[in-house]
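Undergrad: Reproduced below are the annotations present in TrEMBL:
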DOMAIN    5-211  domain 'Protein kinase'
BINDING   Lys34  ATP binding site
Amino acid sequence: SVGSYRLGEMLGKGYYGSVRIGSHRKNQQKYAIKLLNKSNIKRFKDLQQIAVEVHVLKMYRHPNIVHLEEVVHAEENIYVVTELCYMDLHRYHNETGLTLDSAREVIRGILRPLHHLHSHGICHLDLKPENILLTRSLDSHNARCEHVRLCDFGLVNMARKPDKSKDIIRTDYACGTPGFYCPEMVIHDRFEGRSADMWSLGCIILEITLG
């Protein structure tokens, strides 16, 4: 257990730690709890990634951005508590598939938080189906953009802006995920962050409608 939560089933595991279901002791509400092992966070860049993601979730809340409940600091781990979602888009698309109506609502559910972030000068830079969460199953009768959540903001600050007036970004490496990042990232050329996000969204649209 940690803080006010009882830890349950493991949802996934990564380099920094794992994600588990947690139940609040008072109301039994279930959450997703990311356990970040401090011993695995050895580089300043890694710590910075975590700090930026938490900052974005705290400061730029939106109905289509996964809700941050709290962050708990313990001796060995950092626990990031967020709302528990049903499934990520990649898995849902592979297992269930999407009707065109459902796909349209998913796209709306991505565009809304993306516009919100871009209006504050924030670019996601790692849009992909695995970083799109659904709060429930989507079918032709209950598909709503309100059921979509954008998550994973670890790459938000992994690019630097030499000219803020033009919002132009240059990286020394291709941040993001192959198959979803823009061509400029591949050759480490300058790119506009918002345009890079829109390229990634286009790749997602192709996958969920034609893939």
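Each Cβ is built from the backbone N, Cα and C atoms, and glycine gets one as well.
Automatic prediction, not curation, is the source of TrEMBL annotations.
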Undergrad: Looking only at the domain 'Protein kinase' (5-211), what is the model's average confidence as pLDDT?
TA: 87
Undergrad: Please list residues from the chain of Lys34 (ATP binding site) whose Cβ is under 8 angstroms from its Cβ, counting only those at least six apart in sequence.
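TA: Sequence-distant Cβ neighbours: Gly17, Ser18, Val19, Tyr79, Val80, Val81, Thr82.
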